């Protein structure tokens with residue numbers, strides 16, 4: 001489990017196929033502290049297992065399904081948001097994020113004014129029911145509050161602090177980001193479905 005509060009931005013230094021998996025070596029600093037092989041790290045919102053620690057970084061492996069579902073370009077030189085898993089008793093600065101990406105959100109507009117950015121995004125209609133004004137979403141692993149919703153589009157405001165400490169400052173119209181809906185919204189939908197007699 002994660003919080004959506006990015007600890008640092010890492011850089012993919014190596015990306016190659018190994019035994020049918022896509023193996024990445026990610027240059028990092030802060031997230032290496034207290035991290036061991038087998039631990040989970042959120043990489044641009046995707047929960048991945050550390051398979052090896054090396055000088056100045058760590059290695060992870062992605063399955064084909066992860067590559068298909070996620071928006072990130074898993075290539076050398078790519079900058080990625082990093083967060084270690086939430087420690088028991090740790091502060092929940094954002095919201096509960098699982099690292100299980102629901103799909104991709106596409107940037108349809110960016111308004112850069114007075115330091116903060118308003119970013120409009122579009123999600124598949126089947127995911128839009130989990131997006132509500134003042135609710136939470138995770139975009140590339142960053143916990144954000146939904147400012148407004150219109151159909152299957154919504155917008156968030158990126159404050160200068162978020163822009164400085166994450167990869168979101170690189171967003172442009174047409175880009176895609178990893179999207180994870182609020183876990184509580186999913187549980188609420190399930191509760192309503194069960195109470196309504198829909199046991200699907």
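Cβ atoms are placed via backbone N, Cα and C, with glycine included.
What TrEMBL says about this protein:
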type   : residues : note
DOMAIN : 1-95     : domain 'Lumazine-binding'
REPEAT : 1-95     : repeat 'Lumazine-binding'
DOMAIN : 96-192   : domain 'Lumazine-binding'
REPEAT : 96-192   : repeat 'Lumazine-binding'
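The DSSP breakdown of the domain 'Lumazine-binding' (96-192) into helical (H, G, I), extended (E, B) and coil residues amounts to 24 helix, 44 strand, 29 coil. Break the repeat 'Lumazine-binding' (1-95) down by DSSP state and the numbers are 9 helix, 44 strand, 42 coil.
In the predicted model, the repeat 'Lumazine-binding' (1-95) shows an average pLDDT of 93.
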